[in-house]
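Read through the structure below, which is laid out as structure tokens, and then see the notes.
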Amino acid sequence: MTPSNMMKILVINTGSSSIKYQLFDMTAHTVLAHGLVERIGEAGSRLTHYDQKHNNAERIIETAIPNHERGLSELVQLLQEDARDGDEEESPVQAIGHRVVHGGEAFHEPTLIGEKVIQAIEEYIPLAPLHNPPNLIGIRAAATHFPGIPQVAVFDTAFHQSIPAHAYRYAIPKEYYESLKIRRYGFHGTSHQYVARQAANFLKKKSLSELNAITIHLGNGCSMTAIQNGKSIDTSMGMTPLEGLIMGTRCGDVDPALHGYLLANQDQSHMKSIQDVDKVLNKESGLKGLTGTNDMRDVFRLRDEGNEDAALAVEMYAYRIKKYIGAYFAALGGKLDAIIFTAGVGENAAPLRELALANLEPFGIVVDADKNNSARKMEGPVVEFQAASSKINLFVIPTNEELEIATQTVQVVNSLTP
Ligand SMILES: Nc1ncnc2c1ncn2[C@@H]1O[C@H](COP(=O)(O)OP(=O)(O)O)[C@@H](O)[C@H]1O
Ligand SMILES: CC(=O)OP(=O)(O)O
Ligand SMILES: [Mg+2]
């Protein structure tokens, strides 16, 4: 394969009950098709597909999708139909990029998938039981549908492999790091790296390696990263995506002693096993546990209606971010070009950004309230909302993990060409 015909890249992001996908034409810099398979294995499963050939009109296919294999074959069928509708004589796809959440210490770079890589992703299942198994199903199903097409794994953990030991080790007996590889890995690396690169370009840096920043990814999962000279030096998620910020359904930082306490008090906690504790902290906590909903839009609506739980949840969520800003400001020695907000909440929730950054003027962080409130309506890859007196740039940068995965997939495949 030569770079000139390396153009159509399918990116697959397989979650526990959903598959997100995008088909890019990397030569023309366009999205040919994208969509979402949701509620896999549940009632009401469906595929929502958009493609350029149908003017990006929404097509909803409501059909029983009992497993990820079926979801993949439905979406492949649509892509093949689109290709047949056109004049294309070849496969609709030249390479496939997969989001893989946990790559442990093995992967610092995007990697061509072969048997060894699949084995390694299997080995990390205990560290990401919700994420790695569906990622593997996506990889296997894609290999069946597109035999001989190169497949590349892009790991959430890869960008964070530059974190030094003093930040990634936990202060527990050393043997558990050596035998069980218990340490901070960090996640959402593809997103942190993508928005950091956008900021570096915007600030006219020669390369990402000239950027110092704090990146704040607030989606369903939430994490923050301290970036020094373009490299991750610390991040808020840990061995698993549970540590750190308050999230949609995850608690983030808690006293590790509460696990034992909940189990020791089964009568009140109704938790009988460590799996029960795990489930509550991962799926029933965060905004959902505090307010009943994991959607920040609903939390704000409840707050505005006078709901006190929702008001407290917003305060807690913003305060946790502020604490990490303080920590990473210190970790970076106060030398940073920008604080960057991204993902669903980070890009859309102006009041949240304002709360998280309030009263930080002594740090040189000053918000322009009008710019912050109108950030959503502004065009462009980077929207600034710092006041003129702010020493540190404040940016909203929409993330695009799929485009970053496609870009890294092209790099890997091109590097294979003699
Ligand atoms: N206008 C908005 N105001 C506040 N929160 C929003 C808004 N739009 C989207 N969100 C939040 O973004 C979250 C999803 O973020 P997203 O980055 O799409 O998540 P993920 O990719 O992790 O599924 C939703 O749960 C919702 O709370
Ligand atoms: C790793 C992680 O938390 O991913 P997501 O935000 O997609 O759940
Ligand atoms: Mg996301």
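Here the Cβ of each residue, glycine as well, is placed from N, Cα and C on the backbone.
These features come from TrEMBL:
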type	residues	note
BINDING	ASN13, GLU401	Mg(2+) binding site
BINDING	LYS20, HIS217, LEU218, GLY219, ASN220, GLY221, ASP295, MET296, ARG297, GLY344, VAL345, GLY346, GLU347, ASN348	ATP binding site
BINDING	ARG99	substrate binding site
ACT_SITE	ASP156	active site, proton donor/acceptor
SITE	HIS188	site 'Transition state stabilizer'
SITE	ARG250	site 'Transition state stabilizer'
So how many other Cβ atoms are close to the residue listed as 'active site, proton donor/acceptor', meaning within 10 Å of its Cβ? 27
For the residue listed as 'substrate binding site', the spatially nearest of the recorded positions LYS20, ASP156, ASN220, ARG297, VAL345, using Cα atoms, is ASP156
Filter the recorded positions ASN13, ASP156, HIS188, ARG250 down to the ones within 10 angstroms of ASN220 (ATP binding site), Cα to Cα, kept in sequence order. ARG250
Out of LYS20, ARG250, GLU401, the recorded positions in the record, which is closest to ASP156 (active site, proton donor/acceptor) when you go by Cα distance? GLU401
Within 10 angstroms of the C-beta of LYS20 (ATP binding site), the count of other C-beta atoms across all shown chains comes to 17
CB contacts for ARG250 (site 'Transition state stabilizer') [other CB atoms within 10 A, all chains]: 26
Among ARG297, GLU347, GLU401, which are recorded as binding-site residues, the nearest neighbour of HIS188 (site 'Transition state stabilizer') by Cα: GLU401
Listed recorded positions are ASN13, LYS20, ARG99, LEU218, ARG250, GLU401; which sit with C-beta under 6 angstroms of ligand 1? none
Roughly how many angstrom lie between the C-alpha atoms of LYS20 (ATP binding site) and ARG250 (site 'Transition state stabilizer')? 21
